[in-house]
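What follows is a short report on a single structure.
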């Protein structure tokens, strides 16, 4: 009896782990299997990217714990007097914050706020959350620290900040236009919600976090050495809030490490040069391949995988960001908002998924050719 119970518990835990960490397992399997045919090397791992990710996660975790973003959102929403204004405020704060603190954090922070508003005002918030997800994924494409794939590609191809913004600002403006069209088609009505003000934990801790964030930006811009950033950030956070170290998403770091090893191993196979020249020699081939691959394995691993083959940095950057639209797993940030909605409204999951696909496919249908003809044609 005990043995059967233990076996069942192990099976349930395994299923839960695979569902939760599927991308991590994929990265580890690819790294191990490819290492059987090629000798892995330590230099395959891009420590600069891993250090930047880790430091950003610590700093953003500090902001989140102090509810800085929640406070900004509540103050903005308290000024809104209609459904359209509230929706616009939620999209705006999600869109802008995703550029600075990543699309994942933006959704983790603001989707719960949308759910609270929905329950208080009796709103069908599924559509708003779908739009928030689009806003987070599209807004995050503007900056190097907006999402993990941007941070990786920024370092991988040695972008400078001006060259990076030259690639991303026009697609970002196109995304604003898309969201504006969705918003203007929404039926409007008077609506005033009562939200309790959020008290931000002020003082020297918040000042220090702002300074650490500026140091992270300086490191992204190649103004500060990444090892120095790590030393400063870890030392300061040990004093400021050591509890954050146990709350970090270490699986993301291990996922990156696994893909780094896999990509490095791939470069040892000469026959892959044929694939590179056939599919990824042109900007259009890279762009459309990145969009397609993202639909099946998510845009972060797609960026890391295709970077091993393609010299077309602008096309790959655009492809994996636009490719974040489409299926639910095209961007793992989309899975976050889905899980939050499903937990609050389990009976409406099917309706949410259909609505998610509807608006994502519209976005994909409009943005794929727009970005291609404006930026690559």
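Note that Cβ sites are derived from N, Cα and C of the backbone, with glycine treated the same way.
TrEMBL does not curate its annotations; it predicts them automatically.
Database features (TrEMBL):
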DOMAIN    18-308  domain 'Citrate transporter-like'
TRANSMEM  47-63  transmembrane segment
TRANSMEM  83-101  transmembrane segment
TRANSMEM  161-183  transmembrane segment
TRANSMEM  204-221  transmembrane segment
TRANSMEM  227-245  transmembrane segment
TRANSMEM  252-275  transmembrane segment
TRANSMEM  287-309  transmembrane segment
TRANSMEM  316-336  transmembrane segment
TRANSMEM  356-376  transmembrane segment
Best-contacting stretch, by C-beta pairs under 8 Å, relative to the transmembrane segment (204-221) and drawn from 47-63, 83-101, 161-183, 227-245, 287-309: 47-63
Stretch in 83-101, 227-245, 356-376 most in contact with the transmembrane segment (287-309), if contact is a CB pair under 8 A: 356-376
Integer average pLDDT (0 to 100) for the domain 'Citrate transporter-like' (18-308): 88
The transmembrane segment (356-376) versus listed stretches 47-63, 83-101, 161-183, 227-245: most Cβ pairs under 8 Å: 161-183
Folded-back contacts onto the transmembrane segment (161-183), same chain, C-beta under 8 angstroms, at least six residues removed: 84, 87-88, 91, 95, 131, 134-135, 138-139, 141-144, 154, 220-221, 314, 317-318, 321-322, 359, 363, 366-367, 370-371, 374-375
